[in-house]
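A.B. asks: For reference, Swiss-Prot lists these features for the protein:
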- 36-60: disulfide bond (DISULFID)
- 44-69: disulfide bond (DISULFID)
- 51-73: disulfide bond (DISULFID)
- 83-115: disulfide bond (DISULFID)
- 93-125: disulfide bond (DISULFID)
- 1-20: signal peptide (SIGNAL)
């Protein structure tokens with residue numbers, strides 16, 4: 001009987017200590033919280049070269065913070081990495097310029113980025129014409 005009472009008291013003590021530790025951990029996380037609601041974020045600056053992992057600096061009143069960010073290596077530098085566009089299909093090849101053109105409309109501006117409403121992208125016309133394959137290679141019906 002005494003062993004059972006000891007185990008119950010021990011269990012209650014362990015639960016009380018662990019809940020207090022969790023409460024302290026939660027309060028510790030709140031210390032860094034801010035009253036600011038109007039954050040102004042700068043553009044993502046890569047750590048090396050012109051794409052990959054980087055940092056973005058934000059300010060609110062007299063407070064400054066840095067966030068980790070990432071610039072995809074296939075982004076269009078003219079548009080900015082924080083501006084997301086929905087693009088149409090590529091147009092026909094222009095024989096005089098030797099390029100195909102397509103336009104995109106702004107879908108989303110991240111971190112209050114200053115983005116153009118519509119943009120145009122161009123790429124050189126391909127020299128080869130793609131032909132449809134007549135049969136599947138590899139695994140399949142034989």
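Keep in mind that glycine also has a Cβ here, set from the backbone N, Cα and C atoms.
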A.B. asks: Around residue 73 (disulfide bond), how many other C-beta atoms are within 10 angstroms of its C-beta?
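C.D. replies: I get 10 for this one.
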A.B. asks: List the Cα distance (Å, whole number) between residue 125 (disulfide bond) and residue 36 (disulfide bond).
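C.D. replies: Cα to Cα, residue 125 (disulfide bond) and residue 36 (disulfide bond) are separated by 50 Å.
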A.B. asks: When the Cα of residue 69 (disulfide bond) is compared with the Cα of each of the disulfide-bonded residues 51, 60, 83, 93, 115, which one is closest?
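C.D. replies: Nearest listed residue in space: 51.
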A.B. asks: Expressed to the nearest Å, what is the distance separating residue 115 (disulfide bond) and residue 44 (disulfide bond) at their Cα atoms?
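C.D. replies: With distance taken Cα to Cα, residue 44 (disulfide bond) is 14 Å from residue 115 (disulfide bond).
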A.B. asks: In angstrom units, rounded to an integer, how far apart are the Cα atoms of residue 51 (disulfide bond) and residue 93 (disulfide bond)?
C.D. replies: 30
A.B. asks: Counting only residues 6+ apart in the same chain, whose Cβ is under 8 Å from the Cβ of residue 93 (disulfide bond)?
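C.D. replies: In sequence order, the residues whose Cβ lies under 8 Å from that of residue 93 (disulfide bond) (at least 6 apart) are 99, 100, 125.
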A.B. asks: What does DSSP say about residue 51 (disulfide bond): helix, strand or coil?
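C.D. replies: Where residue 51 (disulfide bond) sits, the three-state DSSP reduction gives coil.
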A.B. asks: Closest of the disulfide-bonded residues to residue 83 (disulfide bond), Cα to Cα, picking from 36, 44, 60, 73?
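C.D. replies: Result for residue 83 (disulfide bond): the nearest of the disulfide-bonded residues is 44.
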A.B. asks: Nearest to residue 73 (disulfide bond) by Cα, among 36, 44, 60 (disulfide-bonded residues)?
C.D. replies: 44
A.B. asks: Within the chain of residue 36 (disulfide bond), which residues six or more apart in sequence place their C-beta under 8 angstroms from its C-beta?
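C.D. replies: For residue 36 (disulfide bond), the qualifying residues are 60, 61, 63.
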